[in-house]
Amino acid sequence: MADPEAEARAKLEDGILEAPLTGGVESGVTHEQGAETKQMENAQLEVVSIGDQDLLASTPPLESHNESISAEISNNNPGSESIEQTGCQTEATNNAQAQCPSPGMPVTKVQPFLSGDQVEDKTLRGRLFARRMELLIGVCVLLTITFVLGIGLGVGLSCRGKFRCSSSLCVSISAQCDGHVDCEHGEDELSCVRVSGKSSVLQVLSGGVWSTVCSEKWHSDLGFSACKQLGYSSYVESGSLPLTSIEQDLKDNLVSINLSQQNPLYPIKIHNTTNLSKTECRSGKIITLRCLECGSRPQYSARIVGGNLSQEGQFPWQVSLQFQNEHLCGGSIVESRWILTAAHCVYGFAYPPLWSVLAGLTEQPATGAKYLTVEKIIYHGRYRPKGLDYDIALLKLSQPLAFNGYIEPICLPNFGEEFEDGKICWISGWGATEDGGEASVSLHSARVPLISTKACSQPEVYQGYISPGMICAGYLEGGTDSCQAILGF
């Protein structure tokens, strides 16, 4: 009778037997290993390709060892219970013979895991799902930015050809200066009056068009109202000029007074009292307006000549802007409570309690000068410290100045007023008297000619810094200019 154990051993060596041996056959598998085998049968398998460095104990056998293995297997030598080889070790005692990888064969590692384990999903869908929170936050941020930019772009496009209120509300151009407040803060009914040209011609804005006011039905009450709309607290006089004596562009649109439209319950608004005319004023005359006695120097004697030191009363509109009680910039009086200066003087330091204004002085430190505190500082909204455009600011005084001959306002140019090239102007200030020198303690002045914007805009003159909104004065060949003589105005 054949020995069962010998038959099983022979089948095992020939690679025929695949299932675990049972029934008293000595298979070399313990009960614990059998339990693990059953658990592995129910598990999933993940095949991961690895390299030789991951299987340091499973390097391919040498050729001589392969021949020895083949010889022993072909001879079916049952007494061979251990196979000696390099890099491929198996337990010969009661174990299945392990097949060694060939030299060119890629090695594959089989890693078992149970169905309940958390395994990283290496697909694109899995990676996106793992980062779903970050993606959700990113999408929300992008939508918010798009929404804000969309609103801004929509407002900008919707206001094209319209008047934009400070609240970003857009109203029709025809609604500006029509006598009805459409903006929340009433800015559509501001800046409705201006004085234009060298003759100070009165113009009003109506229906989006600037028109010159004819002299019919005009009286002084309207003049005072017009000055108040311009921001002045005073009114000097109004007059009339022949229509033929003003600039041609001021003749294109004309309006006449119609007081019957004015509501007596409200202050007179000059732009609400006009009707469009056809082509000319019936009287043939237009209105001129003067709101402030400016540019006068009643305490200055022109008989004092020579030198560049300023005399008392020579520049009564010149003030010193004091920052923490030290002179920092110059300024000019434009109205009893308003000082004009450069934006670069106050930009970044627009805190009124730190500033004060000295008027009516020629020497620093001041003796007997009028000391005034500052209530408000406003610089142009389009000013940028890296450039020179819109370099303008206003300081509102806490109380009005008293004009006395040594303190007087300067004249501002009218809208569209042009000055001839070469016209002599005066500049004044406490600036350095030499290039790179210290500021002067005495008020200095100098006569300089106006230079055309075209000449001043040449690259070799001011390196292209001059823009159409500036005026240029000085000497191209060198000498005194306002940059050396003053700081501010």
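Each residue, glycine too, has its Cβ placed from N, Cα and C.
The cysteine that TrEMBL pairs with Cys177 in a disulfide, picked from Cys159, Cys165, Cys192, Cys214, is Cys192. Ranges compared are 1-37, 38-74, 297-333, and TrEMBL records region 'Disordered' for 1-37. Candidates considered were Cys159, Cys165. The record in TrEMBL pairs Cys183 in a disulfide bond with Cys165.
With DSSP classes pooled into helix, strand and coil, the tally for the domain 'SRCR' (163-292) is 28 helix, 40 strand, 62 coil. Around the Cβ of Cys192 (disulfide bond), the same chain contributes Gln176, Cys177, Val204, Leu205, Ser206, Gln229, Lys269, Ile270, His271, each under 8 angstroms and 6 or more positions distant in sequence. Cβ neighbour count within 10 Å across all protein chains ranks Cys177 highest among the disulfide-bonded residues Cys165, Cys177, Cys183.
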